């Protein structure tokens with residue numbers, strides 16, 4: 001018994017006094033600490049990207065109200081005065097002016113069609129539905145909005161190209177008039193869809209027990225479950241970031257529409273605005289919190305550095321700067337639409353419809369107030385554009401992307417892989433260089449998720465083949481062409497899926 005007690009005492013003593021040294025696995029604990037630091041940096045870096053993206057969307061949105069009408073008027077004046085000047089050999093309108101006139105006609109026709117839609121009847125029709133039915137309808141509307149955005153910009157781009165395509169090219173389209181009516185139908189239907197979204201949100205705000213608003217907010221947290229536990233590459237995270245920027249800006253406009261409709265019902269009583277303020281603040285706070293948590297865990301699980309948001313910001317800034325070049329091939333508002341999936345025409349159409357029905361303009365003083373408000377919007381648009389352009393130039397310079405501003409526009413031929421004599425796929429010399437340089441690479445250890453891939457499955461197969469053969473020099477030749485961030489828009493398939 002004495003020996004057994006002695007062994008027990010020795011065991012307890014050893015358990016109480018034994019030690020270990022963390023430096024024996026220094027690399028592992030250093031990596032864990034860097035992950036914690038990355039998660040702590042995510043809110044700041046993400047909100048910097050979100051703020052920059054918000055003002056980009058605001059710039060494209062204000063363009064529809066401010067500069068687009070003026071550009072349409074100038075184009076129509078040119079169209080009327082040019083034949084009188086005897087310049088029959090020159091083009092009547094430049095391609096950019098043709099696109100502006102088409103946008104103006106689309107807005108006018110769609111607004112005349114929207115005037116026949118009864119907002120009050122739609123509100124009471126939705127209000128009479130049950131809570132669970134409204135929740136399902138709202139989710140269906142979000143999915144439909146993404147589908148409309150993905151196909152809508154293609155419809156508008158097809159219209160612009162059909163109307164401005166050089167005459168000497170062989171006709172391979174159905175004509176400008178059918179494309180124009182397709183664009184009008186799309187903008188009208190998308191505006192109706194956003195109106196139903198705004199009406200559903202308005203019903204949630206005006207419900208007595210706020211149960212519908214709580215359920216709709218909880219839908220944001222369901223988004224975490226569908227995104228966090230998936231494998232993400234940098235391109236997929238870029239798409240998700242653009243989608244979050246567009247979604248946040250759209251929600252702000254929807255909240256503005258809800259406030260306008262409610263203030264109209266209460267005769268513009270400012271006290272009612274403070275009644276709406278807690279609910280508006282709660283919706284915005286939940287959206288911001290969900291985005292931070294979602295991005296923090298995605299970067300953690302996929303070992304992505306927080307510096308990647310600086311690269312995303314530089315890519316968005318490059319779009320703005322390149323649209324101001326002489327060799328620009330697209331308008332900036334259309335570039336934002338392709339990159340983020342944000343199409344300002346339907347949203348602007350709905351806001352114009354709500355404002356004109358909520359605000360009654362009578363008398364010369366009212367017209368003077370409208371004129372002053374319009375001048376203020378133009379001032380805000382110009383100031384926002386100047387600040388954005390200066391900030392974008394700084395971001396482009398920090399990312400060492402100035403030389404890409406003078407590259408020719410990307411074409412379908414230059415981006416396609418070419419087969420050499422040995423049958424190995426290679427990228428032609430005219431393709432765009434990658435956005436990441438050695439000087440801007442993150443200092444953290446790189447993993448497989450740090451490479452810009454189009455098809456990760458084929459990339460993994462190439463790695464296995466190269467490991468078995470031992471030919472490291474041939475690994476670059478066997479890889480599939482990589483997608484540059486500048487080539488990724490909102491609906492590009494990256495890693496076999498769209499996020």
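If you go along the chain as it appears here, the first residue is 1 and each next one adds 1.
Cβ atoms here come from the backbone N, Cα and C positions, even for glycine.
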Range among 83-104, 105-126, 127-148 that TrEMBL annotates as transmembrane segment: 105-126
TrEMBL annotation of transmembrane segment - which of the ranges 371-396, 397-422, 423-448 it falls on: 371-396
Annotated range (TrEMBL: transmembrane segment) out of 9-28, 29-48, 49-68: 49-68
Contact set, same chain, for the transmembrane segment (49-68): CB under 8 Å, 6 or more residues outside the stretch: 100, 103-104, 107, 241-242, 244-246, 248-249, 253, 291, 309, 312-313, 316-317, 320, 332-333, 336-337, 340, 342, 344-345, 347-348, 352, 374, 377-378, 380-381, 384-385, 387-388, 391
Residue numbers, six or more beyond the limits of the transmembrane segment (371-396), whose CB comes under 8 Å of its CB atoms: 52, 55-56, 58-59, 62-63, 65-67, 310, 313-314, 316-318, 320-321, 324, 402, 405
